[in-house]
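Here is the structure we will look at, set down as structure tokens.
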Amino acid sequence: MATKEEKNKALAAALGQIEKQFGKGSIMKLGDTQALDVEAVSTGSLSLDVALGIGGLPMGRIVEIFGPESSGKTTLTLSVIAQAQKEGKTCAFIDAEHALDPIYAAKLGVNVNELLVSQPDNGEQALEICDALVRSGAVDVIIVDSVAALTPKAEIEGEMGDSHMGLQARLMSQALRKLTGQIKNSNCLVVFINQIRMKIGVMFGNPETTTGGNALKFYASVRLDIRRTGAIKEGEEVIGNETRVKVVKNKVAAPFRQVDFQILYGQGISKTGELIELGVKHKLVDKAGAWYAYNGEKIGQGKANAMKWLEEHPEEALALETKLRNELLANPEKVLAADIAEKNESSTGLEADY
């Protein structure tokens with residue numbers, strides 16, 4: 001019978017072989033906090049950047065963001081574009097849904113004058129354009145909105161009642177086989193937005209599935225499930241959504257982390273709201289009753305007033321964000337411990353304190 005030491009050696013050899021064959025990050029311990037040294041683009045949400053383990057979405061990889069309608073998928077990707085443009089990166093948006101609003105994009109901080117936009121006629125054209133942009137090596141971030149709208153040419157040219165079983169899945173599988181190597185070589189981030197469908201006849205387990213077959217699930221290094229969990233109200237008026245994102249797959253750090261943040265209408269992700277929540281959670285912002293204090297100074301009664309103070313003092317907000325980013329990305333064990341402690345205290349999640 002093999003000893004513990006022999007088993008550990010055999011396991012280490014097996015893990016080494018798997019990583020050699022399938023790439024680093026293809027297998028890891030669930031509690032492993034070690035992240036790969038990969039260049040990342042911020043999502044615009046500090047808590048999501050921390051949950052991803054590397055400070056954002058990984059360059060040179062495929063990412064899938066999926067969720068129900070109006071859950072914040074496009075808002076999140078536009079936020080990624082805004083952050084990438086701040087770093088001088090070139091971005092492209094392949095709008096297969098023909099629904100991109102330039103005014104809304106500009107409100108989220110996107111430089112619409114520098115953003116490359118394509119509205120293709122069919123799925124083949126969209127993926128060929130994506131392939132050409134990746135091969136150029138000059139584009140850093142490409143968003144495809146959405147997989148469900150990548151309609152094969154044969155379906156568009158056919159009759160309404162014609163059956164086109166598996167056409168889109170085959171199209172995606174072929175395109176991803178072609179794209180994946182080029183994406184790695186050009187160090188380009190390609191984000192596919194996807195929609196949710198219900199599987200018919202599922203009695204047990206989750207009936208939800210994403211469109212476009214299974215290929216994207218395999219090729220994606222990161223998969224994010226985004227959901228709206230509630231409304232944010234100011235009096236009787238609804239001013240935004242409470243949003244929850246779960247990292248359902250992550251090949252560059254530990255998966256299955258979950259974060260909550262707010263998306264405000266016309267503004268996008270509420271950065272000041274996140275700073276207050278994370279600041280309190282990691283003891284950089286003090287909370288006594290309804291009062292919030294930062295650096296020993298009271299900054300507001302109630303979360304809305306504390307957020308307003310940070311908006312009026314951008315230098316203090318930037319200093320707090322820098323402190324949090326440096327501390328949490330450098331100490332992922334602390335993040336994991338804080339998440340476990342929070343889950344033990346309450347399973348209700350974050351609530352809007354307005």
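Backbone N, Cα and C define each Cβ position, glycine as well.
Under the three-state DSSP scheme, Thr74 (ATP binding site) falls in the helix class. Here Swiss-Prot flags Gly67, Pro68, Glu69, Ser70, Ser71, Gly72, Lys73, Thr74 as ATP binding site.
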For Ser70 (ATP binding site): intrachain residues, at least 6 apart, with Cβ closer than 8 Å:
Arg228
Fewest neighbouring Cβ atoms within 10 Å: which of the binding-site residues Gly67, Pro68, Gly72?
Pro68
Whose Cβ lies within 8 Å of the mean position of the Cβ atoms of Gly67, Pro68, Glu69, Ser70, Ser71, Gly72, Lys73, Thr74, the ATP site, other than those residues?
Ile226, Arg228
Return the residues near Ser71 (ATP binding site), defined as same-chain residues 6+ apart in sequence whose C-beta is under 8 angstroms from its C-beta, sorted by sequence, else 'none'.
Ile226, Arg227, Arg228, Thr243
